[in-house]
Amino acid sequence: MNEATDIAITKTPWGTHHGEAVFLFRLTNGHGAYVEVTSYGATLVSVVVPDRAGKKEHVVLGFPSLEGYLQDRCYLGSTVGRYANRIAQARFTLDGKEYTLDANDGVNTNHGGGAGFHARVFSYEQRNDGVVFSYSSPAGDGGYPGALTLRVEYRWNAEQALTITYTAVTDQKTVANFTNHAYFNLAAVGTMLDHTLSVRSSHILAATPAYIPTGEIVEAGTKRLQQSTVRHKVIPKGDRLEGLNEYYILDKATKEKDPAAVLYDQASGRQMEVFTSYPGLMVYTADYLVSEVPGHTAIPYKPFGGICLECQYFPDAPNHAHFPDTTLAAEEEYREWIVFKFSTQE
């Protein structure tokens with residue numbers, strides 16, 4: 001085999017959910033760096049890569065067993081859908097008909113509702129360098145029109161690049177928006193507050209305190225991220241700390257290989273570049289992160305334990321005609337991709 005496709009894949013039974021078998025897949029490259037994904041929620045469980053000294057550690061928050069995910073309420077590593085992020089008032093109108101969704105975030109819907117794709121068991125198909133997960137959602141599922149089939153492909157390579165590709169088809173016009181909700185901590189332990197983050201964006205979506213877009217696109221201003229230390233973006237708010245929960249609209253790339261975002265941890269030397277076909281990404285500093293079950297580090301997760309860089313379409317786009325269109329017609333195919341590329345810097 002050539003090095004680019006020399007990926008060893010193992011499949012391990014990982015329990016059951018509502019009587020359906022769940023499996024864990026490990027994709028290991030020729031250097032011993034690996035990722036783990038599970039058919040429960042088409043979830044990214046682990047990314048284990050070396051620091052500048054060669055020590056391999058977990059850089060994605062996750063749980064060592066299925067039980068952690070069954071109890072999780074923070075979408076750790078999950079595929080979220082049918083519509084990532086929020087839809088105001090848990091409703092939208094499409095072709096003159098109003099659809100009412102599952103309101104699981106106050107009066108709004110978030111990440112497809114309480115029983116979104118993050119809590120479904122996907123079927124699977126192994127490939128030479130990865131795994132493809134599939135799920136067929138019936139018409140009316142979560143309140144959304146149309147029967148929809150989603151395929152989520154995870155691929156890993158020798159260059160420590162994890163590619164996630166989303167493809168979907170529907171039998172009726174609907175709305176769709178899929179992403180991965182991984183929490184990254186390149187230090188492997190503690191918080192990510194000392195990470196630096198750059199995002200190729202000069203504008204964000206203005207939002208209400210409930211994180212619902214107002215419809216206004218504004219300059220990022222003090223929230224612009226250019227090799228910014230995350231800690232400096234966190235402010236006291238009452239009895240808690242408030243970080244970032246912002247949708248950044250990506251500036252046009254000056255060249256094809258320009259990353260959408262770069263995350264770096266000086267202490268370990270680990271760096272992650274993010275590339276995507278999506279028009280923007282949600283930066284979330286895990287202000288509300290909590291877990292009852294210990295994670296990979298054998299302790300429960302706490303606020304600021306990781307950072308989410310959720311590449312996706314605009315939140316609440318079905319309720320804003322001037323936002324990029326997120327409808328998917330019966331004759332169309334949804335296709336978007338995200339790449340997380342890991343390396344080390346001296």
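Every residue gets a Cβ built from N, Cα and C, even glycine.
Note that TrEMBL annotation is computational and uncurated.
What TrEMBL records for His181 is active site, proton donor. In the three-state DSSP scheme, His181 (active site, proton donor) falls into the coil class.
Taking Cβ-Cβ distances under 8 Å and a sequence gap of 6 or more within the same chain, the neighbours of Glu310 (active site, proton acceptor) are Ala84, Asn85, Thr179, Asn180, His181, Leu281, Met282, Val283, Tyr284. Under the three-state DSSP scheme, Glu310 (active site, proton acceptor) falls in the strand class. Marked as active site, proton acceptor by TrEMBL: Glu310.
According to TrEMBL, the feature beta-D-galactose binding site maps to Asn85, Arg86, His181, Ala182, Tyr183.
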Report the largest Cα to Cα distance, in Å and rounded to a whole number, among the residues Asn85, Arg86, His181, Ala182, Tyr183 that the record lists as binding beta-D-galactose.
18
So if I draw a 10 Å sphere around the Cβ of His181 (active site, proton donor), how many other Cβ atoms end up inside it?
22
Three-state secondary structure of Arg86 (beta-D-galactose binding site) from DSSP?
strand
